[in-house]
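For reference, Swiss-Prot has these:
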- Gly41, Ala42, Gly43, Asn44, Asn45, Gly128, Thr129, Gly130, Glu159, Arg162, Asp205: GTP binding site (BINDING)
- 1-16: compositional bias 'Basic and acidic residues' (COMPBIAS)
- 352-364: compositional bias 'Low complexity' (COMPBIAS)
- 365-382: compositional bias 'Polar residues' (COMPBIAS)
- 385-400: compositional bias 'Basic and acidic residues' (COMPBIAS)
- 1-30: region 'Disordered' (REGION)
- 338-400: region 'Disordered' (REGION)
Amino acid sequence: MQDIVREAMERDEAERQTQSSLEDSDDQFGDPRIVIVGAGGAGNNTINRLYNIGVEGADTVAINTDKQHLKMIEADTKILVGKSLTQGLGAGGDPSMGERATEMAQGTIKDVLGDADLVFVTAGMGGGTGTGAAPVVAKIAKEQGAIVVGMVSTPFNVERARTVKAEEGLENLRNEADSIIVLDNNRLLDYVPNLPIGKAFSVMDQIIAETVKGISETITQPSLINLDYADMSTIMNQGGVAVMLVGETQDKNKTQEVVNDAMNHPLLDVDYRGASGGLVHITGGPDLTLKEAEGIASNITERLEAAANVIWGARIQDEYKGKVRVMAIMTGVQSAQVLGPSTQKQADKSRQSIQSRESQQQHSGSEFDSSERAQTAQSGTWSDGGRDEVEKNNGLDVIR
């Protein structure tokens, strides 16, 4: 028996060297096309970070109504939408404006997403462009046959009315995407309360970027126990809310400590008990044992329902000697609460305040004055492109 083990280890080393040379090959046969789309200011910031840290096998696309912000962003493709609506000055916090501007550019977006197999849509919920554009982009990608994953952040409670917009935007995105992963900005107050505001937001950008990078490279880079696009498709088609877990440890008790680290992720606020699907990928050094890898996968999926579909893989990298990293996506979380508890509470409070104010206006006899919007529509601004399959004038409303 010892001879068999020794021979297997010798063969393993030879196979690893052969695999290494194959990885350097330029043969891209069968590789899925992954596109990461950032909509609005927060989404663009994530795209900029992704572009700079690099994601193997994925294209980055930035979409915005704000020309100045878009100029500052680095991406493989940049699209300024709704130029005739906003003059490149942004959506003014109005999701309907962001939605309209993106619909007018759907021909261009279809071209960019044409043969994509997996599309990530990242945005900040609660503003104008991201909230309105993300569901439109998700719908276009879905109609063209791609698996669509939304990766979004929610506003601070102090932003009040924006939490209501965020809730509505999340519901719209959930209706169009296969799965959505939600991160709550309020958790930054607990995680990095004393960082300068710019650096605090960059932490959220980095977490979203690293998550998208991790998922993308899990299915584009070879592994010892491989995960591929078909596995991703199977898990993401479970639908509902998805929960992302990331953990890393150098502790001797890798099996439990890496799971503890993932469970205590500071920016995730959704309970995934009863989820119907799980995708787990483990990265470790040459010292990672089969028992440890299986133990990690088992521990991190124990909260899933008994009949959950779990797919796991493992990759060995020399730089991970003595440590281990786990990334898991739990899908099919059948929770009506997409926002975190604190954000949901603020959204409910803000909605009640808005409804009360509208009720008072109705009782006082005041009516909504739509003359300005009507005048805009009559002047033709709202008619160029419309909801046509392809916008009528690319040069007018889309700048790439």
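The backbone N, Cα and C atoms fix where each Cβ goes, glycine too.
On a predicted model such as this, the values are computed, not experimentally measured, just so you know.
Features per Swiss-Prot, on structure.
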residue: Gly41; record: GTP binding site; Cβ contacts under 8 Å, 6 or more apart: Asn64, Asp66, His69, Gly124, Gly127, Thr129, Gly130
residue: Gly43; record: GTP binding site; Cβ contacts under 8 Å, 6 or more apart: Val37, Ala62, Ile63, Val121, Thr122, Ala123, Gly124, Gly130, Ala134
residue: Asn45; record: GTP binding site; Cβ contacts under 8 Å, 6 or more apart: Gly38, Ile73, Phe201, Asp205
residue: Glu159; record: GTP binding site; Cβ contacts under 8 Å, 6 or more apart: Gly126
Can you count the other CB atoms that lie within 10 A of the CB of Thr129 (GTP binding site)? 34
So if I draw a 10 Å sphere around the Cβ of Asp205 (GTP binding site), how many other Cβ atoms end up inside it? 22
Looking only at Gly41, Ala42, Gly43, Asn44, Asn45, Gly128, Thr129, Gly130, Glu159, Arg162, Asp205, the residues listed as binding GTP, what is the longest Cα to Cα distance in Å? 20
Three-state secondary structure of Gly43 (GTP binding site) from DSSP? helix
